[in-house]
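S.K.: Following this message is one structure expressed as structure tokens.
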Amino acid sequence: MTAVLVAGADRQTSTMIRRTLRAQGFSVTAVADGRCAYSDARRGNFDLVILGARMPGMDGFEVVRRLRADGQGLPAVLLTTCSPRARAGATFSTSAEALVSVAPLRADELVQTVRSLVSPRRATRPAELRYGGLRVDLASRKAHVGDYCVDLSTRECDLAATFLRHPGQVLSREYLLRQVWGHDEPESNVVDVYVRYLRRKLGAHWFTTARGVGYRLQAG
């Protein structure tokens, strides 16, 4: 499954991007700002990053510049309000592979751009994530713990992948709701239900509870 990292879009645009790409079979992770995007992108677990051109602290241009300076060839798409002519010039003057307008954002243009950029990488990038003795194949949705193998549902696989992209970090229920289900309704207990499913299938010791906050993936 192709993994896309999104950062710096406003809430409405971020929701549209997640829903649009997930409907096309992509796995989408959204983070709040450029610093988080840079940190997550460096780990090499994503096929493409979509960045707001203007973000506080570290804008999209700076994120791309730093990734290229680190030797990261991760394809980057910048979200902009520029005209088509200005976008062409801006693309040439930055290290980003493409600029997509958010005034307004066109779903078909976004999907076409993402597909054109990730196709060459998918041929060489292994479609799996691993941490400690846990490994998840994103294409087949199979999880491996040592010699044990189990099938995961689509939601279980997306949730496991989100944890695997942030090992050792406490992820809030709201964050997990946004990443996997596309909303952050605080009254929903769906995260707790699906963490329970993963604990049953993979082992309870992998997922620790941060009371009042969320969950953390720790080495088994």
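Keep in mind that glycine also has a Cβ here, set from the backbone N, Cα and C atoms.
These figures come from a predicted structure and were not determined experimentally.
Sharing the record's features from TrEMBL:
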DNA_BIND  126-219  DNA-binding region
DOMAIN    3-118  domain 'Response regulatory'
DOMAIN    126-219  domain 'OmpR/PhoB-type'
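Relative to the rest of the structure, where do these features sit?
M.R.: DSSP states for the DNA-binding region (126-219), grouped as helix (H, G, I), strand (E, B) and coil, give 36 helix, 27 strand, 31 coil.
Summed and averaged per residue, pLDDT over the domain 'Response regulatory' (3-118) gives 81.
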S.K.: Work out, from DSSP, the number of helix, strand and coil residues along the domain 'Response regulatory' (3-118).
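M.R.: With helix first, then strand, then coil, the domain 'Response regulatory' (3-118) has 53 helix, 26 strand, 37 coil.
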